[in-house]
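Visitor: Pulled these features from TrEMBL for this protein:
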- K12: active site (ACT_SITE)
- D144: active site (ACT_SITE)
- P102, M103, G104, G105, G106, L107, G108, G109, G110, S111, S112: ATP binding site (BINDING)
- 68-151: domain 'GHMP kinase N-terminal' (DOMAIN)
- 205-264: domain 'GHMP kinase C-terminal' (DOMAIN)
Amino acid sequence: MCDKRAWLSPAKLNLFLYITGRRADGYHNLQTLFQFIDYSDSLYFDRRQDDKICLQTEFTLVPHDDNLIIKSANMLLTYMRQSQADFRPPFGIDITIDKKLPMGGGLGGGSSNAATTLIALNQLWQLGLSTPVLMQIGQKLGADVPIFIFGLSAFAQGIGDELVAIDVPEKWYLVVKPNVEIATAKIFNAPSLKRDSVTRRIDELLTTPFNNDCEPTVRALYPQIDDLINRLSQFAPTRLTGTGSCIFSECNTQEQAMQLQQHLAGEDVVCFIAKGINQLCR
Ligand SMILES: C[C@](O)(CO)[C@H](O)COP(=O)(O)OP(=O)(O)OC[C@H]1O[C@@H](n2ccc(N)nc2=O)[C@H](O)[C@@H]1O
Ligand SMILES: Nc1ncnc2c1ncn2[C@@H]1O[C@H](COP(=O)(O)OP(=O)(O)OP(=O)(O)O)[C@@H](O)[C@H]1O
């Protein structure tokens, strides 16, 4: 056993998300405000006697080699072999995960797992790679991976990878996952998606009511989400995170979030209460 500690892999919220254009490669340019919350998966890394990297937790819908945990480990090995052709990891690793973050929820769970894996292997194998280098490796796995390596709440531009750290009020959130998973690509490919927001300065964005350009498209496609946002908005500001399907209501206190949760008692949704955090402890 090389490491018994739980490596936390938290969720993010997009407090606002504006799409300012579509690039030639099909990706979209964004302006978004990332906030982490204290609701996380836990990953465990155990030393193996051989040099294999194995995910020991089964994901029913994701084949082993497609899992972002395994893809990120392989990406790290590829990077190392580019600079040292004969690179071999000092030991193999069994990875297990206690998965709490709903998949296809816009909380960035898969990206966060990839980031945590890169950070953990860099440390356990004593590779000495810097945060910017890990972010570069992570970006190849997904637009949301770099923010989880950066580890600070941030204003993001580009495809979500150009980051400037920013302290935001660490509010309480009621996060609601409707009974639907949404593939990010489906929303980014939707004909109705608003992709022409004007690029604005961060100070202007922070003083203008927050919105998510994906929300009208998602609400039109998923009536359950539309209904939940309508109802919760009567009590607290409520928006979509990323491309959904999760929504979050912003509360000033934990008690307010708990009261709000009571409105959803008995409904076909998963919900949890979490606090915003501006800096991840690694
Ligand atoms: C919606 C957000 O969660 C906001 O934080 C992210 O932009 C999505 O990041 P992600 O899930 O890591 O996305 P990726 O795995 O890189 O891309 C999934 C798909 O979403 C689309 N995509 C993603 C990010 C982006 N800036 N523009 C896009 O058009 C692309 O069609 C891509 O094929
Ligand atoms: N370790 C992983 N955890 C979750 N999903 C994974 C993982 N590895 C691969 N995936 C795939 O990635 C998809 C997106 O999962 P994820 O939980 O990151 O959704 P999301 O929060 O909507 O993503 P994002 O906000 O980054 O768009 C899943 O449906 C699954 O097919």
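A Cβ is built for glycine as well, from the same backbone N, Cα and C atoms used for every other residue.
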Visitor: If you take the centroid of the Cβ atoms of P102, M103, G104, G105, G106, L107, G108, G109, G110, S111, S112, the listed ATP site, which other residues of that chain have their Cβ within 8 Å of it?
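Guide: Residues close to the ATP site, other than P102, M103, G104, G105, G106, L107, G108, G109, G110, S111, S112: A11, L101, G242.
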Visitor: Just to be sure I understand the contacts, which recorded positions have a Cβ under 6 angstroms from any atom of ligand 1? Candidates are K12, G104, G110, S112, D144.
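Guide: The recorded positions passing the 6 Å Cβ test are D144.
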Visitor: For D144 (active site), which of the listed binding-site residues (P102, G108, G110, S112) have their CA atom within 10 A of its CA?
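Guide: Near D144 (active site), where near means Cα within 10 Å, the binding-site residues are G108, G110, S112.
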Visitor: Which residues does G104 (ATP binding site) neighbour through Cβ under 8 Å, counting only same-chain ones at least six apart?
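Guide: For G104 (ATP binding site), the qualifying residues are V180, E181, I182, A183, S245.
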Visitor: If you check the recorded positions P102, G104, G108, D144 one by one, which have a CB less than 6 Å away from any atom of ligand 2?
Guide: G104, G108, D144
Visitor: From the Cα of K12 (active site) across to the Cα of G108 (ATP binding site), what is the distance in angstrom?
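Guide: Cα of G108 (ATP binding site) to Cα of K12 (active site) measures 6 Å after rounding.
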Visitor: What Cα-Cα separation, expressed in whole Å, is found between G110 (ATP binding site) and K12 (active site)?
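Guide: Rounded to a whole number, the Cα-Cα distance is 11 Å.
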Visitor: What residues, ordered by sequence, lie under 8 A Cβ-to-Cβ from P102 (ATP binding site) and sit at least six positions away in the same chain?
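Guide: For P102 (ATP binding site), the qualifying residues are G109, K177, E181, C246, V270.
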